[in-house]
Ligand SMILES: O=C(CO)COP(=O)(O)O
């Protein structure tokens, strides 16, 4: 899609929802279809399947299921500068067998200063913000610069 100065270029948006939140994310995607339709959507495996069932016209790239490496695939996209924002509907009431992967994904979003919404309220704020589409991968200096003390530590 071409873009004018009024239309920010396409972002790649990561979508993830724990099982107890997948339907809610499907509803959120449907409610924000107009905005999301301008961007590339990439989701962990089962989330992608449920979102497509609820929104059949949407083009969503599915990765592996979270516990099989999907969270880490999203993390790799962040580390490589290919993911512009992350929307992750976390279920705070269910223990996750792959909790370490969940933490790693959220941590990488923090390290690389990627906008990350971990519940619907924050996702609503994010998608209605004038900074949506402006703050994205590469908007801030690279992590190696921001964490220069760590990057340049003596070992
Ligand atoms: O487990 C997840 C996130 O931690 C999501 O993975 P699925 O979308 O495959 O259920």
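For all residues, glycine too, the Cβ spot is worked out from N, Cα and C.
What TrEMBL says about this protein:
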- 5-155: domain 'MGS-like' (DOMAIN)
- 18, 22, 44, 45, 46, 47, 65, 66, 98: substrate binding site (BINDING)
- 71: active site, proton donor/acceptor (ACT_SITE)
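Everything TrEMBL records as a feature, shown here on the structure.
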residue	record	contacts (Cβ under 8 Å, 6+ apart)
18	substrate binding site	89, 90, 91, 94, 96
44	substrate binding site	15, 16, 62, 63, 64, 65, 66, 70, 71, 73, 74
46	substrate binding site	19, 22, 65, 66
98	substrate binding site	66, 67, 71
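Reduced to three states, the DSSP call for residue 71 (active site, proton donor/acceptor) is helix. In this structure the residues listed as binding substrate are 18, 22, 44, 45, 46, 47, 65, 66, 98; their two most distant Cα atoms lie 17 Å apart. Annotated substrate site 18, 22, 44, 45, 46, 47, 65, 66, 98; additional same-chain residues within 8 Å of its Cβ mean position, judged by their own Cβ, are 16, 17, 19, 43, 67, 70, 71.
Regional average pLDDT for the domain 'MGS-like' (5-155) in the model is 95. Ranking the recorded positions 65, 71 by how many Cβ atoms sit within 10 Å of each one's Cβ puts 71 at the top.
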